[in-house]
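Database features, via Swiss-Prot:
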- 1-21: signal peptide (SIGNAL)
- 22-517: region 'Disordered' (REGION)
- 25-515: region 'Triple-helical region 3 (COL3)' (REGION)
- 27-38: compositional bias 'Pro residues' (COMPBIAS)
- 51-60: compositional bias 'Pro residues' (COMPBIAS)
- 62-87: compositional bias 'Low complexity' (COMPBIAS)
- 105-125: compositional bias 'Pro residues' (COMPBIAS)
- 136-155: compositional bias 'Pro residues' (COMPBIAS)
- 173-184: compositional bias 'Pro residues' (COMPBIAS)
- 218-233: compositional bias 'Low complexity' (COMPBIAS)
- 301-317: compositional bias 'Basic and acidic residues' (COMPBIAS)
- 361-374: compositional bias 'Low complexity' (COMPBIAS)
- 481-508: compositional bias 'Low complexity' (COMPBIAS)
- 516-546: region 'Nonhelical region 3 (NC3)' (REGION)
- 542-660: region 'Disordered' (REGION)
- 569-582: compositional bias 'Low complexity' (COMPBIAS)
- 613-624: compositional bias 'Low complexity' (COMPBIAS)
- 627-631: region 'Nonhelical region 2 (NC2)' (REGION)
- 632-658: region 'Triple-helical region 1 (COL1)' (REGION)
- 659-675: region 'Nonhelical region 1 (NC1)' (REGION)
Amino acid sequence: MTVFPTLGLLFLCQLLATTSAQRVGPQGPPGPRGPPGPSGKDGIDGEPGPSGLPGPPGPKGAPGKPGAAGEAGLPGLPGVDGLTGTDGPPGPNGPPGDRGALGPAGPPGPAGKGLPGPPGPPGPSGLPGGNGFRGPPGPSGLPGFPGPPGPPGPPGLAGIIPEGGGDLQCPALCPPGPPGPPGMPGFKGHTGHKGGPGEIGKEGEKGSPGPPGPPGIPGSVGLQGPRGLRGLPGPMGPAGDRGDIGFRGPPGIPGPPGRAGDQGNKGPQGFRGPKGDTGRPGPKGNPGARGLIGEPGIPGKDGRDGAPGLDGEKGDAARMGVPGEKGPNGLPGLPGRAGIKGSKGEPGSPGEMGEAGPSGEPGIPGDVGIPGDRGLPGPRGATGPVGLPGPIGAPGVRGFQGPKGSSGEPGLPGPTGIRGESGDRGPAGVIGAKGSQGIAGADGLPGDKGELGPFGPPGQKGEPGKRGELGPKGAQGPNGTAGAPGIPGHPGPMGHQGEQGVPGITGKPGPPGKEASEQHIRELCGEMINDQIAQLAANLRKPLSPGMTGRPGPAGPPGPPGATGSVGHPGARGPPGYRGPTGELGDPGPRGDTGEKGDKGPAGQGIDGPDGDQGPQGLPGVPGISKNGRDGAQGEPGLPGDPGTPGAVGAQGTPGICDTSACMGAVGASTSKKS
């Protein structure tokens, strides 16, 4: 236990001894300022000191302006199709849409009739129609073959002869009489005249619809009709069942940076850190005052190049410069590299079910599906109500070709035809008589310049001509190429101190400092105390060994100014200067002698002159011979015509002839039905 107090006492004594030995005396008065010495070499950069404790957070800066919207990112890949959800309950039927336009007729169905449907139930009897008007007598038919002998009929009653007429009339009712002897088979009576068409009876009540017949053979798929008008939006259906969770989509575009957070609470004041290393040397001092100009000396001869001098000794360390004011804000840094893709996050909780969206527009009707297999016949359904009138049927079969129509009126003259190709060259015609002299044509364009002829012999010198007028100033020539860079000049005087820059953007708040504790103090000062104890122990073991190099002392006073040097040797030749601007054009020189006339050049190629005036109108042409054109192709079948109106009532026909045998046959048939 007594070792630690003694070591601590020795450590304190050593610290006091070292500090007292390195004390600096009082600073003397400043001496006169000497000429600036040669600039020393840059010292070796010291190692960066440990980062200091984070300072207190600054005040909260003003919110920044929102950044401009970034460019649109690349479109994401299409997502994987989700699983098909369960079908929702069918919605209520919407109101019937408007009737669409009639589509084109479909291709004919396969040959053959469909399977016959089962017979429907008999409909209710219609109301008896009114008696029709008797039509005109028809043409007499051919006599028929004699029929087989019929069974003996009952004896008939005595006929009634009406007054004023010789025609026999059938009684309203023929009651059966006692059986008579079998009579001879009679001959077939004369066929009566064909009666006229009776009056159209009233339309009977529509019978109850029969059961639906079996489905026929499915026809081929018809052409798709035009798209119908958009129907009224149906009522909103109930919300469907929730689908399965889809696959995770690609990551979206990163959003804009969030706003700066609120200023945090001020952290506890940190401990004072250890003293840092010596900083870098300060900026170079201002140049000294300019000396007096010496008398010009006699230029001496160029001396030989001297041997390179030895490197000078390292100068004293420069004093610490005054800390400069805060400079302007630096340029924005380069954009950082894209970060590593983050790990896949946990699947988010399923969101709440959203409200059902509005019904979408009705889709384009799809193609007719493949006909399915014939199903089993279902039970007979109840008789349904009378349906709405069906759509207009398909157009009828194409009619026969009608007779050839009369020739139509001559058509309008057609458009001018395309100019035909040039025909083969015809035989040479007979040379015609010489025509009258035409009007002189327009002057042709000047021909191309002929080739330069050979130079003639030099002629006699002519008289000197008069001095010509000063020509216009020529265009300024292009700038010459840039010369080699010159020798750098002397450094100029240091500029004035700049104005204080705009306060910079408040930095992000640093992490909160650690709380003051014994462990924290040991972490900061433990290594330094261990080094001091190790050095103290080494000095105690070797008291005669030289100690550590002390800190450099303060700079001494400047020395006296040196003598003025002699005139130096002339420097090396400088680089060539920049090319000057092009000078103005000089006065034109005297006119030269006229040369001899050259040889005649080759004939120039003429250029087609402009088109001449339009000639007089020619004689009328020979009238052409017209021919009937070919019959046009058969037109497409027309639309079905409107149903015709009922015709007028025909004239009343002549009274018919009643055959008693026919009446008897009718009575016999009625009795057989009753039995």
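Cβ atoms here come from the backbone N, Cα and C positions, even for glycine.
Quick caveat, the model's predicted, so the values are computed rather than measured.
Here the region 'Nonhelical region 2 (NC2)' (627-631) has a mean pLDDT of 71 out of 100.
When DSSP labels each residue, the compositional bias 'Low complexity' (569-582) comes out as 0 helix, 0 strand, 14 coil, counted as helix, strand and coil in that order.
Across the compositional bias 'Pro residues' (27-38), DSSP classifies residues as 0 helix, 0 strand, 12 coil. Residue counts for the region 'Nonhelical region 2 (NC2)' (627-631) under DSSP, split into helix (H, G, I), strand (E, B) and coil, are 0 helix, 0 strand, 5 coil.
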